[in-house]
Amino acid sequence: KVCRQRSAGFKGPCVSDKNCAQVCLQEGWGGGNCDGPFRRCKCIRQC
C-alpha cells in the first residue's frame, strides 16, 4: 500500500517534482510530487 500526505515543510506553490521529492526525503518519506489542482507537494512512501 502507498501512503500519501501533504508535506509539512514545503513552502509556496509546488512547481517542481524534484524539489518536492527532496523536501519529502528530508522529512523521512520515500519521495514526493506536485499533485492536485492547487499543486500541493504530496509525500509518498510504502506503508
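Don't overthink the numbers, they just go from 1 along the chain as shown.
Glycine residues also receive a Cβ, built from the backbone N, Cα and C atoms like all the rest.
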From Cys41, Cys43, partner that Swiss-Prot gives for the disulfide involving Cys20:
Cys41
Bond partner of Cys24 - disulfide, per Swiss-Prot - picked from Cys3, Cys43, Cys47
Cys43
Cysteine of Cys14, Cys47 paired with Cys34 via disulfide, per Swiss-Prot
Cys14
Tell me the coarse DSSP state (helix, strand, coil) of Cys47 (disulfide bond).
coil
What Cα-Cα separation, expressed in whole Å, is found between Cys14 (disulfide bond) and Cys43 (disulfide bond)?
12
Those disulfide-bonded residues of Cys3, Cys24, Cys47 having Cα within 10 angstroms of Cys41 (disulfide bond):
Cys24
Just to verify a number: CA distance, Lys11 (site 'Interaction with trypsin') to Cys20 (disulfide bond), in angstrom, no decimals.
10
For Lys11 (site 'Interaction with trypsin'), the three-state DSSP class is coil
